[in-house]
Each structure stands twice: as C-alpha cells, then as structure tokens.
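To start, the structure under review is shown below, and the notes come after it.
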Amino acid sequence: MSLATIGTALAPSALLIAGVYAIKPEFIAYAIAVAGILAGYLVFSNKPRKVLNPTEFQNFVLKEKNEISHNVAIYRFALPRSTDILGLPIGQHISLAATIAGQPKEVVRSYTPISSDNEAGYFDLLVKAYPQGNISKYLTDLKIGDNMKVRGPKGAMVYTPNMCRHIGMISGGTGITPMLQVIKAIIRNRPRNGGNDTTKVDLIFANVNPEDILLKDQLEELEKEDDGFRVYYVLNNAPEGWTGGVGFVTPDMIKERLPAPAADVKIFLCGPPPMVSAMKKSTEALGYTKARPVSKLEDQVFCF
C-alpha cells in the first residue's frame, strides 16, 4: 500500500479530529474513534479486489476489440470497478462459457489472459477464430457492451519466482498466451526491477506463416529488455532470407535451443494437440521426464 493512499485516508480523519476539538473538546475521544474507522475504510476500500470466482460464472462486459488480423483479435473486458483485478495466479487460466445454437449444452473453453494483475480494471484475451471453434466464433460476434461468462482461476500451474533455474518453452499459435504470462512475470520480478527472479527462459515459437506469429512485437521488446530471455521462431512456410527454423520443431532444435535435462530445469508446452503430442515424445527421447497425461505442478515437462 502506497504512502499516497495512506495520506489520502488520514487527511479527512485529521480534519475531523481537529474540528471536533475546536468546537466540542469533550467529544474528542469519540472523534478519534470515528476517525479511525473512517481512515480504515478509506484505506481498504482502495485496495485491489480480486473478482474471479472458481465455482460460479460471472458476466464481464466487452469494452474494446482490437483486430490483429483477419481472424485474430484482442478482446478487453471491463471489471466491475476500475481498481479491481482478476486475481489470476501466474500460469493459470480462466473458463469462458456460452450458449451456442445447435449445441445440446453450454459450451466451455479455457483461455489465458495476456494481461496481468498489475493492470487493474480490465483483462485482455488474445483469441484466434477457428471455423469449428464455438467459443472463438462466439467472441468474434460479440459487440461492445455485450457480456461474456467467465469463471476461474483454474489449472495446475502456479508460477513462483525461482521455482527452477531455467525454463524451456515450446509453443505453437495461440499457445503463446500462457508462456507470455510467465515470461512477463519473470522479467517484471527481476532484481533490477526490485524483485529476485533470476530464472532464464528460452522459447521456441512455432507457426505456419510469418503473419501467424502472434505478439511478435511484444516478444521482441522483452528479448531486447532482458538478456535472460531468448526466442527462436520456427515457420512451416518460411520466406526467402528467413533466419529462424523451418518445418516442424525437431529434437535437434530442442537440444540446441532449450536447456538440457536437469533437476532444476522445466519444459513448458502449449499449442495444437498434434504438436504437443509430438513434443512430449521428443522431450522424452531427449532425456526429460516423461510428460503425464494430465500435468502436475511438480512435473519437469508441463503441458498447459
């Protein structure tokens, strides 16, 4: 809590005490008690409120929509108060629900916000619309002012500073969203920023075409800012002069670009199911612990 917040709360309390003392000194004890209650209310009413509910869906209003490409957009949803935060642990995600025509029951899908609790009053979702994607198509049709049902947090991953020495990440397409959440948290908590996180991060980010590389500007800025973070891009259809990887992510790429298996190393995977399945086999063949069907926090290879 900032000194400014405390000062703002104490100022009216001090004026109340001074005023009562000047007019009715005998009531000073009551004035002090009331002033204390007032100060406490003002201090804690300004404290960020976590709004997520893990058991019940809540409606959040679409505030902005920023189209990145013909089928990708960033959706900004407003929280009830400008000081509210989602209350989403780093590495976890939220559930979105909607009633879709032709579906027998409500459709629920998981998404990872690209914003964090450092940004109050809203949360951002990066969503790619797929032809068969019920929720992604539903989001595409939302108008500013429409509601979206949200529940959370959920997920087995809760990132904490220095939980390991080195993280290797492999993501494809929109699978970059949980990776970005963790990367930003690590860099935000570096010693130079007043934190203590010294974790190194290497990311392999695979896509089909150059225009499919989501959030590339953000990733490049983070790489410039932090010498403990590196990105290696892989494209199926690489243009002439491309200096990154070409084709699918191979065991050789993993061996060259990511940390070798060790007790203080973790590998994070997120992307299309066929890619994740292939990466599980590749990492196991390279000596990392075999990924479980459902990942646990303590796993060396963790699939979001």
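Residue numbering: from 1, along the chain as shown.
In case you wondered, yes, glycine gets a Cβ from its N, Cα and C as well.
The candidate list THR55, THR177, THR198 contains one residue that TrEMBL assigns to the FAD site with ARG109, TYR111, LEU126, LYS128, ILE135, SER136, namely THR177.
In the structure as shown, the Cβ atom of SER136 (FAD binding site) sits within 10 Å of 20 other Cβ atoms. Residues in the domain 'FAD-binding FR-type' (55-160) partition by DSSP class (helix H, G, I; strand E, B; coil) as 8 helix, 44 strand, 54 coil. Sitting within 8 Å of the Cβ centre of ARG109, TYR111, LEU126, LYS128, ILE135, SER136, THR177, and not among those site residues for FAD, are the Cβ atoms of LEU96, LEU125, VAL127, GLY133, LEU139, THR174. Residues ARG109, TYR111, LEU126, LYS128, ILE135, SER136, THR177 are listed as the FAD binders, and the farthest two of them sit 17 Å apart at their Cα atoms.
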